[in-house]
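Participant: Structure provided below as structure tokens; questions to follow.
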């Protein structure tokens with residue numbers, strides 16, 4: 001927190017002839033939502049003065065409005081006043097702070113479950129039944145624990161500061177230099193890279209839906225793959241014009257429902273249709289022991305890639321009101337528990353049923369979705385196949401909005417900090433269209449990006465499993481050599497080491513197996 005954001009007051013009133021500054025107040029609706037209007041509550045020159053006179057020879061009592069200091073703290077009691085960043089009132093993530101536990105559940109579920117879950121059975125082909133289930137369970141518990149840490153790190157009781165963005169918390173904890181080196185790229189990829197992948201998957205699902213609905217009866221010429229990319233991107237850009245994170249709560253709800261729907265449809269259809277003839281559950285073994293080890297590590301990267309959304313937790317929590325009696329961590333954690341109960345109900349059946357139905361025959365590219373159309377495209381109801389594809393399309397469009405929001409926020413912050421005013425509607429439209437079509441260009445240029453699930457999982461693993469543990473130790477300062485201290489240091493160091501191993505193993509597997517680098521050939 002900069003010095004400009006902290007004000008202090010003398011122990012006794014100063015004498016002077018200048019007229020006192022009138023007290024700053026706000027309507028009741030703003031007490032829990034400091035940025036419902038697009039106007040900052042405080043400027044850098046504001047000073048809060050006591051509203052009432054105090055007796056002589058006594059220390060004035062300063063009544064701090066709740067909308068200025070959301071959390072009680074020792075610094076506040078020492079008459080140091082924490083100020084809100086006035087720019088937050090103009091940025092998409094923090095423009096509205098009237099969220100609740102249900103909104104949090106919608107956003108968390110929409111961001112926490114996605115198309116990457118469909119490749120979980122691929123990891124089982126290398127790990128086998130026992131180790132596959134054990135690894136998936138351990139990873140789920142681990143990432144749920146780091147979610148708990150992030151939710152409780154959002155607010156600092158010592159300073160009254162709310163860390164509304166993952167990178168902001170990294171900067172405050174590790175320093176700007178280290179944060180840029182170790183956290184900036186994974187966070188950028190989890191935003192822009194996920195949007196690129198969603199365009200690829202969404203466009204492919206559009207093509208599957210068109211072929212399923214039309215079959216051999218349509219005389220119209222189907223769009224090319226690049227045209228499907230453009231169609232999906234245009235729909236995503238149109239939907240992205242909703243102004244802020246709270247305004248897309250309904251979109252996230254629809255995305256969450258459709259994600260649950262297609263996950264459930266895929267594994268249920270696979271179980272009903274039965275196991276494939278000649279299915280084998282023996283773990284795939286490489287030509288040498290080294291290749292075998294790297295295959296296992298790559299499988300761990302696929303499992304790590306299935307758990308995403310940690311880079312958005314602080315942003316989602318920033319949409320909630322918070323004060324000393326009702327901190328935002330309470331409804332946020334309630335929403336997270338609801339969301340991840342449903343996530344578990346999707347991921348575990350999908351991984352287990354998918355491996356049971358297809359075994360080693362599960363396709364590496366596309367996972368369960370590809371297997372459904374490849375093995376059951378002729379003997380399954382066309383209505384169910386079309387409904388599955390449609391749910392994937394809608395879920396991808398919805399996820400694009402929440403994963404694109406940090407990028408929208410960063411782009412608008414450049415204008416807001418320079419001009420000291422909110423972005424006009426036409427500039428917001430340009431920013432979001434620019435981001436969307438840049439992602440479209442990248443998707444067309446590197447359509448094989450979805451094949452790097454293990455590598456991507458290794459690169460982004462620290463954001464999910466390691467950094468929250470280090471930040472907890474640095475910020476909360478648990479007792480040195482105590483159980484909490486040992487737990488977080490062990491998880492953090494193991495997560496960083498695992499990330500390095502996964503990256504090396506994934507690169508080896510990609511080189512050894514080969515990937516068709518079809519640049520600009522979607």
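Heads up, the Cβ atoms here are built off N, Cα and C, so glycines get one too.
Per TrEMBL, region 'Disordered' is recorded for 1-68. The compositional bias 'Low complexity' annotation in TrEMBL covers 27-43. Residues or ranges marked as compositional bias 'Polar residues' in TrEMBL: 51-61. Taken from TrEMBL, the feature domain 'Amino acid transporter transmembrane' covers 98-506. Annotation source TrEMBL lists transmembrane segment at 101-124, 131-151, 181-201, 248-270, 338-358, 383-404, 425-446, 452-473, 485-511.
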Participant: So, taking each listed stretch (131-151, 248-270, 338-358, 425-446, 452-473) in turn and counting its Cβ pairs to the transmembrane segment (485-511) that are under 8 angstroms, which one gives the highest count?
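Facilitator: The stretch with the most contacts is 452-473.
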Participant: Of the listed stretches (131-151, 181-201, 338-358, 425-446, 452-473), which one yields the highest count of Cβ-Cβ distances below 8 Å with the transmembrane segment (383-404)?
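Facilitator: Ranked by Cβ pairs under 8 Å, first place goes to 181-201.
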Participant: Find the member of 101-124, 181-201, 425-446, 452-473 that has more C-beta pairs under 8 Å to the transmembrane segment (248-270) than any other listed stretch.
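Facilitator: Per the Cβ under 8 Å count, 101-124.
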Participant: May I ask for the residues of the chain that lie six or more residues beyond the transmembrane segment (425-446) and have a Cβ under 8 Å from a Cβ within it?
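Facilitator: Same-chain contacts beyond the ends: 192, 195-196, 199-200, 203, 226, 229-230, 233, 236-237, 240-241, 243, 404, 407-408, 411-412, 415, 519-520, 522.
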Participant: Residues of the same chain, at least six outside the transmembrane segment (338-358), with any C-beta under 8 angstroms of its C-beta?
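Facilitator: Beyond its ends, the transmembrane segment (338-358) has Cβ neighbours at 101, 104-105, 108-109, 112-113, 117-118, 120-121, 123-125, 129, 132-133, 136, 140, 144, 147, 256, 259-260, 263-264, 266-268, 270-271, 273-276, 279, 281, 306, 367-368, 371, 375.
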